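Copied over from Swiss-Prot:
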- 10-16, 41-42, 69-70, Arg176, 206-211: NADP(+) binding site (BINDING)
- Ser159, Leu160, Tyr172, Gly204, Asp261: substrate binding site (BINDING)
Amino acid sequence: MSKVLAIVTGASKGFGKAIAQEIVKCNPNKNQLIDLVLFARSLDGLKSTKESIETISTNAKVIDLQSLDMSNIPDVELKFKSVLENIKWEEYSKICFFNNHGTLYHLGRIEDFSDFKNIQKDNDTNTTSFVVTTSLLVKKLKELGSQYSSEVTIVNSSSLCAIKAFPTWSLYCSSRAYRDMFFQALSLEYKLNDKFKVLNYSLGVLDTDMQSQVREECSEDDKSFYVGLKNDGKLINPNRSASICSNLVYSHKFETGSHLDYYDLDK
């Protein structure tokens, strides 16, 4: 029986860890084997994700763990390309790539920006490495030739910030919009291939370390709102959002290039 391959970036915590778990849990074919390739900065975090996956199903196997700083573009290109070269693609009938990694950036008014070197580093993490990893994957799939007919789904971890601007969130919003539009263009380049689909999945407001960072760094005007979300239990469990996304990926029944939001799907 052909296997599923799931590649996940930012897999050491938060939504990345959750999607690695849920893509295993949500497979409608419980007897199908699933191989996972996981990337993140923290190797310890990746090992924790690997251990959690192996307790979920004996059919799931983490075949590669890669500690990788996504702001180091030459290293991203070298390591990601090497990993792709070592995958036995002929074993898989379904390929899932969750391009999930990213940072919050600095929250603040544009007139107050000063650390432009760090902004450039965050841009490389959030956008340049996103382009590199996506491009290398589709290039590899093209190299496999017409005989390769697996179902492919590439998912961008998106946000409401990709389609709506918020004050003091200019850097994060613009990076999310960039990623969404990049994937929309990718979907058009492959529109004639109904087995190749691209999804911008808006995760919802998750109860993660990034949300803790938001509460610490947001403006005083916004702080009560974000603290209230936490105190009132309105933050979403990452695994709940990841299960919605996983079911979408397995169904393959969505319009390629679309932006779909957790809040519209969890009904």
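Cβ coordinates are placed from backbone N, Cα and C, and glycine is handled just like the others.
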Inter-residue C-alpha distance, Leu206 (NADP(+) binding site) and Leu160 (substrate binding site) (nearest angstrom): 12
Residue from Tyr172, Gly204, Asp261 whose C-alpha is spatially nearest that of Lys13 (NADP(+) binding site), among the binding-site residues: Gly204
Between Asp209 (NADP(+) binding site) and Ser159 (substrate binding site), the C-alpha gap once rounded to whole angstrom: 16
Cβ-based isolation winner (fewest other Cβ atoms within 10 Å) among the binding-site residues Asp209, Asp261: Asp209
Other C-beta atoms that fall within 10 angstroms of the C-beta of Leu206 (NADP(+) binding site): 21
Intrachain C-beta neighbours of Asp69 (NADP(+) binding site), sequence separation six or more, cut-off 8 angstroms: Arg41, Asp75, Val76
Residue pair Gly204 (substrate binding site), Gly10 (NADP(+) binding site) - Cα distance, angstrom, rounded: 17
Spatial neighbours, same chain, of Leu160 (substrate binding site) - Cβ under 8 Å, 6+ residues apart: Ser202, Asp261
Other CB atoms, at most 10 A from the CB of Gly10 (NADP(+) binding site): 25
Where Asp209 (NADP(+) binding site) falls in three-state DSSP terms: helix
Tyr172 (substrate binding site): tally of other CB atoms within 10 A of its CB: 23
Cβ-Cβ distance under 8 Å to Gly16 (NADP(+) binding site), same chain, at least six residues away: Val8, Thr9, Gly10, Ala40, Thr49, Phe98, Asn100, His101, Ser157
Gly204 (substrate binding site), number of other Cβ atoms within 10 Å: 22
